[in-house]
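Copied from Swiss-Prot, the annotated features are:
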type    : residues       : note
BINDING : GLU406, GLU413 : Mg(2+) 1 binding site
BINDING : GLU413         : Mg(2+) 2 binding site
Amino acid sequence: MSEEMNDQMLVRRQKLQELYDLGIDPFGSKFDRSGLSSDLKEEWDQYSKEELVEKEADSHVAIAGRLMTKRGKGKAGFAHVQDLAGQIQIYVRKDQVGDDEFDLWKNADLGDIVGVEGVMFKTNTGELSVKAKKFTLLTKSLRPLPDKFHGLQDIEQRYRQRYLDLITNEDSTRTFINRSKIIQEMRNYLNNKGFLEVETPMMHQIAGGAAARPFVTHHNALDATLYMRIAIELHLKRLIVGGLEKVYEIGRVFRNEGVSTRHNPEFTMIELYEAYADYHDIMDLTESMVRHIANEVLGSAKVQYNGETIDLESAWTRLHIVDAVKEATGVDFYEVKSDEEAKALAKEHGIEIKDTMKYGHILNEFFEQKVEETLIQPTFIYGHPTEISPLAKKNPEDPRFTDRFELFIVGREHANAFTELNDPIDQKGRFEAQLAEKAQGNDEAHEMDEDYIEALEYGMPPTGGLGIGIDRLVMLLTDSPSIRDVLLFPYMRQK
């Protein structure tokens, strides 16, 4: 911290003491506002300067917020007060507010939170303003804000001190308001479709429902190892068994993996399950829901991302994973008959694989390394190999593949879904195959979950399921390049 900053803080501490000496509480209590800055503008900006003079008796307002600018000398001054909706100018005159309140005004610093009661008027330049009749200090700020002309430029500081970012960067505030709206519209859409929102445990006895490394914790009283959930899936499907036919949960998921522009150790997902549906129905639902959210929150289903127009309005492409790989590389995995042939093709095309990988894993590596980043417009990739889809139903026409899809937009995965595997015998066999992979060194392979198998043995109806990473969806709809831009408090390495 610079010497100048220390000096500014010292001055503010002295002002704080002066307030106490005068019997003024520098951390005040409730203040009744008549509205936000946007409300005042909507109601009063339509009038001319002269009309506002005529309406002065009816234009009494009360506004509160943070002082962001301040200017003027002598017996009057202007400032801008910022609230959630934006900024509005205030005008403070000694002969209007009195000596004591004008002294408060003179000693106020940028960053202080104030309340102003007054009447509406327009300046000679036509700016709608509040002429103060009463000026109240609500909270004394003891630290100066970042430079008003440059805002908070250090990207890491923006993430570590999000509160400063929200104060100084209007775009950040808009992003997080839109994040809330996106989640709300998701709920509205599903509730209107008859889905029931539920809550399931975040600490699991078995880490299941996804291929990921879990965070491990310990329950002292029970002397039990527990895992922070890596997916919501298996508990929701137990509810389908129990007769709750359309369920969803929006919640935090935890994966003990790397941090990047696309990944945070804890993130928000929605998972939903619908009895008597299949992955085609879930494709339709996903496309309709995302389009609805974009229209409701942004006013358009054509959105800008990284300089590219993403068309969520037109019908989304649907492409089998084998066809996608064939289009990109010329390799037709329908014709590949063995793991050895797949490995030879990987070597020929420069695909990095592990020695333990089989046909399905290698096909998926072809896709991830040669196709994924090219899928800019919304594209459903379906038909994933059985080896990498332990919870999805096999395709009845070709059991090498499953009735599963992933949604790709701007070159990254946004959703994962499938017709759920409801055959308990097949499911147990898949879990056993996953255990074999774990024994060969795949630490992301699925554990055996006997309790889930038991639930399936009571009978789960044909079901379609979906998982969407909400953070990535918010990135898309707010044109944010990093997941940290859409998390209020992203994980940061310790200083």
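Cβ atoms here come from the backbone N, Cα and C positions, even for glycine.
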Reduced DSSP assignment, GLU413 (Mg(2+) 1 binding site): strand
Same chain, 6+ residues apart, C-beta under 8 Å of the C-beta of GLU406 (Mg(2+) 1 binding site), given in sequence order: PHE380, ILE381, TYR382, HIS384, GLU413, ALA415, ASN416, ALA417
Reduced DSSP assignment, GLU406 (Mg(2+) 1 binding site): strand
